[in-house]
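Annotated features, as they stand in TrEMBL:
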type: SIGNAL; residues: 1-15; note: signal peptide
type: DOMAIN; residues: 111-251; note: domain 'Nucleoside diphosphate kinase-like'
Amino acid sequence: MSGPVLVCALRGIDAFAALAAVLKGWTQGRASLSTGDTLPQAVMALTPEVTFRQAILFFTEADLVTGKACFYCFEHTPPTHPNLCFSSSVGESWRCRAESLFSYLQAGAQVLCTVLLVKPGVWSHSLPRILRHLHLEKFSVVGMKHIDLEAATACSLLPSELKQDPAAAEAHLAYLTSGTALVLCLQRPNAVKKLMDLLGPEDPKLAQALDPCLWRAQYGTSTVQNGFYGSRSYPVAVWDMKLFFPEGLCCAQCQTVQEEEV
């Protein structure tokens, strides 16, 4: 080649699609540049298998150890949700481990847990159908309970941007505490993202426009009564599991959950 190249090993959620979108943007931007301007020329691996084969050509095992991946663990049930500020009074401990990306690529998708809350008035009429949906999507139910949400718990489930609108927050809280909800802890590979993809947007009308098969499109009637709450990320799922299932789960805990000391 005419000059040196930069080889990068990248990691992220939907990494292939995200990187392809970036490269497409570069290609489109190249057309608007003047003659003297340049953008990087880039190629990418298209599958995990190709990624692995190419990675071992350029990197060693030591190169692909990410250092210390630290997990924030609590000795007691935390009084706040991840959407809120951490309390400095909570007992805390740190435990770290080194992670090999080679091992990660070879191991495949991790089995994770996430939390689904079926809101009042939905599960009592549609539970068999909801459980059927979960079975078809290869979720295992490893925890289930009925719960009458207290205002503080319901508030912890609201996204931070919603709390900026007092009227909207009050409407959500009134609905969440109006009756009994059903909380499920679900397990499968890539559980958190898969559940979010199935639920769809918070607004059932937008979900209906995107895909009538989305769960909020089927069961929701408004942005308040939209059928479901789901953990938005894995750290949030860990908090939700500890919040709703402090007694533990009915399955052998997966390695990741053990590391988080749920």
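Placed from the backbone N, Cα and C atoms, the Cβ positions cover glycine too.
The average pLDDT the prediction assigns to the domain 'Nucleoside diphosphate kinase-like' (111-251) is 92. Taking H, G and I as helix, E and B as strand and the rest as coil, DSSP gives the domain 'Nucleoside diphosphate kinase-like' (111-251) the counts 67 helix, 30 strand, 44 coil.
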